[in-house]
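First up is the structure itself, then whatever we jot down about it.
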């Protein structure tokens, strides 16, 4: 916030403005932290339920106790098909161009950061649901 002060030695207005801004910022960050935690918990529950449903849809259905790391990797490959990041193949005319000039048949994939986040949430949910850390 810009303030205009006719006396350069008088900082009382600036101090009040700074104090008010700091308290507003502090309460805003607390509300933001609560909303972020809630959003994270919702996403974690959603990821866990999606993984559980994925296991149940396997033939034969899998329980968590019979699930292996290979099943988790298969689940991540399954999620990969719902990504929004265009991955150009080496034979694509737009390969290497960040902003292609037109459409191409290259696949959409999950961004690495998205998959990494899902892995973190699944790990946390696994521990909360009785799994070993």
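Glycine residues also receive a Cβ, built from the backbone N, Cα and C atoms like all the rest.
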- Would you mind telling me which of 1-42, 43-84 TrEMBL tags as region 'Disordered'? 1-42
- Message: DSSP on the domain 'ALOG' (39-133): how many residues come out helix, how many strand, how many coil?
- Response: 50 helix, 4 strand, 41 coil
- Give, as a single whole number between 0 and 100, the mean pLDDT over the domain 'ALOG' (39-133). 91
